[in-house]
C-alpha cells in the first residue's frame, strides 16, 4: 500500500504513515462492525438453542438490534459513583477496548496482507492479551464496591492461570512452525495433513492442544462456562456493576473484540488461517480473507454453542482445571512435540 | 563432545540436583513422615558428592582440563577443598536436625531438600569461573537459606530472622549485582579470566566501583563488618541446626568465592581491594570482640565470634599471595570444625523438658552436672580464642605467619592484640561453666548422633588435631596452588 | 528522525512514570505507573532491535508479575498516617542512603565526563550471529554456552517454589477436599430416589 501512495507522488515517510493509518482503519472499523454483528449472532444462536426467537424487532430479523442498543447506551447518562477513583474508573473500559483492537495488527488476512509483519507476532499477541486483565482489574478496584472488587480478584487469578497453559500450547505450535511470525505459521500449515488438509489441528499431537486452546481461550476471554467474573447470581454484574452508558458499552465491545480475536487466533494457529480448509485448486478462487472470516465465524459459533449449552463452572473447578490438568498436560505435550520433532529431524 | 566433557566435570552438581529432584518427589508423596528417610538419603548423596569431588583435591587438579562450559565452571583443587567442607557442614546439619525439629513437630520433608539445593548452590559458588555463575550459585544458596531460617513456623523469632535475612540479603545481592554489571560494563566480559586480562591493562574508575561493590556484596554474605548487622539476629532466631548450617557451609562458600573473585578476577590489581579487605578484617575483629562482651545468649555469642573469626581469615586474604590463601583455607577448615563442635554442644544443652537452653547464665556450673559437655564447650571456647594447646591456635598462627611474610606487620600486630580482647569473653563462658554456682538447668538427655558428632569435632580441635597439620597443609597448598594457577 | 522521537518519547515516559511510581501516594497508582514504566522500557528494547526481550518484558513483568503485585496491593489496607509517622522516624537513615547513592551517581557521571571511564568492548564469545532472528540467537546461546547457568536458574525457581509452599502451606484437619473423579462417576440412580408419597403421610428418608 505504501507503494501505491508513493505512486501518487508522496515521499516515502508520508506514504508509509498514510498507508499505516489506512491499514489500521481497514482493520479496526470492520472489527468494530463485526463486534456489533456477532453480539446479534450470539443472542440469536443462544435464543434458538433455548427455543426462543431472540432479537427480532429492530430491522429485518432484528439485525439492527446491536445498533439500537448502542444508540441507547450512547444517549444514557454517565454515572460515576461518588466513592470511585474517577480517573481509573474511566480509564479502565478504554484499556479493555483498546487492547482488544491492538492485537489485530499481527493477524495475517492474506499472504502478505498483514499490518505489522513482525517476527515475534505470536509473542506480541500474548503480550497484548496479557494486558487485557488490567482493564477488568482496574475497573473492579476503582469502582470501590465489593462485587466489582471480587470480580477483579477472580479475573486476575483466572487470566494468569490460563495464560500459562495457552503459552505452552503456543510453544507446541511454534515448535512445529519453527517461527513466531503468524504468516510463517499459516504457511507451515500448507498441506499439513497428508498433503491435503491445511491446518495444524489434524496432527494427533496437536489436536489435543487445539481442544485445550479452545477451552483456555474461553477462560481467557471470560466467556461462559468460565464467566465467573460477571457471574450474575453471585456478583451482580461483576466488574461492570457500577458502569453505565458509553463506559459500559466499551466493556461490551472490548469483550466481544477479545472473543473475536481468540477465534481469529484459533483460525490462524490451528485451522490454516487464510488458506482454504483443504488443498483444492478451485477453493483458491475464493480470496484468503474470506476463508479467514469464515473460520472466525465458525469459531464464534462454537463459542456461542458452548455458552448456550454448558453450565457455569465453580471457581475452584476452574482453578483445578487450569493448574492441575491443563498445565501438566500442556507441559507434557511440549515435551512430546519437541521430542517427536527432534526424532524426525524436523529442525535439521 | 564439548558438552559431554563439561557434563563429566560438573558431575557433583548433577548428582546433587538430580537426587534433589528425585527426593523432592519422595517428599511430595511421602509427606513429612518421610523426612527422616530423606535426611538419611541426603546425607548419603552428600557423601557421594564428596567422593566425586575429593580426587580433584588430592590430585591437585587445575587448569583447562577441569574447566567446563567455556570457563564458567571449574572443578579444580580449590573448589574441591571448599566443597568437602561445604558437604561436611551440610551433612552435619542434616544429621543433627531431625532430633531438634521432631521435638516441636517441625520436621518437614522439604528441610533436607533445601539443604541439598543450598549445597548445590554453594558448590556452584566455589566452582564459579564467571560472574554469572557466581551470582546464580549465590542466589540459589541464599534463597534456600532464607527459607531455612524461617523453617520453624511456630517460632516468631525464626520468622523474624528469616525476614531479616531475606531483606538484607536481597539488598546485598542488589549491591553485588550492581558491582557485577559495572565490572562487566568496564571490562566487557563476565569471565574471571577475561576480567583479569582486561584489568591487567590498568584499572579504570568504573571498574574500581565494580570491584568495591562486588566486595561489599560478598562481605555481607560472609558477615564481615561493616556488613555484619544481620548475623546476631539471624543466628539467634534461626533454629539451631540451621544456625549450625549458616556458621559452616555458607561461610565456607562465601569466603571461597571471595577468594576466587579477589585473587583470580581482580588478581591483576590487588591494591584495588587489599585495603578494603584489611579494613574489613580489622573492623570485623574489633566489632566481633567488643560486641560479644555483653551477650548472654550463646547463639548470639557464637554469631559475634563468627564475625571475629571472619576478620582473622580476611587477614589471610589481605596477603594476596599463595601462602596467605593456603593459611586462610587451613583456618577455614579448623573454623568449620570449631563451629560444628560449638553448635552441636549448644544443641545438646536442654532442660528437663527438652527445651533448648540458650542463656549463658543458665549454664552455670555445667561442669558438675554434665562434665563431658562442659569440657567440650570449654575446648571450643579455648579453641575459638586461639589459646595454644588447642587446634584453633594453629589457624590463627598460620594466618599471622602469612601476614608477617607478606610484610603486613601492622595488620598482624593489631590482629594479635585484638585476639587478646576476644579471649576475654570466651574465657568468661568457661568461667561460668566451671566456677559459677550450679543452676542444674541443663538436665535433658542427648541424642546419640549429637554425642558422636561432638566427640569427633572436639577431637579435631583438641591438641590431637596437630597430627593432621601436615595433611591439612598439603591439601590447602594444593587448593591454593589451583587458585593461583592462572597467574 | 522517527527513531529519535520514539526514543525520547519512551525514555521520558519511562523516567517520568518511574518517578511517579515512587511519588504516588496511593500504592495502587504506584503499581500502575510501574506498569507504564515497564511498557515504555519494552518500547526502548524494540528500538534497539531486541524485540524478543521487549515482548518477554511485557508478558512476564506486565502480564504476570505486575498483576500479582496489583493483586496484593489492592488487598492491602494501608494506613497512610501510620506510614508517614514511620517516614519521619526513618527519615535521617533514608536521607543518608539517598545521599550516598546520589554521591555515587555524581562521581560516576563526573568520572565519565572527565574521560576516566572507557567502557569495555564485549568479548567475541557471545557475538550475535548474522542472519538469525534474535529469538533464535538467544535460544542458541542459552542452550549451548549458558546451558549450565540456565538449568541452575531453573533450580533457583524450583527452590523459590518449595520455599513458598513450605512457609505458607498448612495442613488443616477441618477441610474436606474435592474428589472430582468420584464426583463425576456418581450416577443419578445412586444420588436420588423417586417416591410417590401418599397424601398426608409424608416420606421417610
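Heads up, the Cβ atoms here are built off N, Cα and C, so glycines get one too.
TrEMBL does not curate its annotations; it predicts them automatically.
It is B:77-101, from the ranges B:77-101, B:227-251, that TrEMBL records as transmembrane segment.
As a quick check, the transmembrane segment (B:301-320) and the transmembrane segment (B:6-30) miss the bar of 3 or more Cβ pairs under 8 A, pairs 6 or more apart, so the two do not touch. Within the chain, the transmembrane segment (B:165-186) has long-range Cβ neighbours (under 8 A, six or more residues past its boundaries) at 131, 134-135, 138-139, 142, 145-146, 149, 195, 198, 204, 206-207, 209-218, 220-221, 227, 229-230, 234, 238, 265. A contact between the transmembrane segment (B:37-57) and the transmembrane segment (B:326-349) is absent, since fewer than 3 of their C-beta pairs, 6 or more residues apart, lie under 8 Å.
Cβ atoms under 8 Å from those of the transmembrane segment (B:326-349) belong to residues 81-82, 85, 88-89, 92, 96, 99-100, 240-241, 243-244, 247-248, 251-252, 255-256, 259, 298-299, 302, 305-306, 309, 312-313, 316-317, 319, 356-358, 363, 373, 376-377, 379-380, 383-384, 391-392, 394-396, 398-399, 401-402, 442, 444, 446-447, 450-451, 453-454, 457-458, 460-461, 465, 472-473, 475-477, 479-480 of the same chain, restricted to positions at least 6 beyond its ends.
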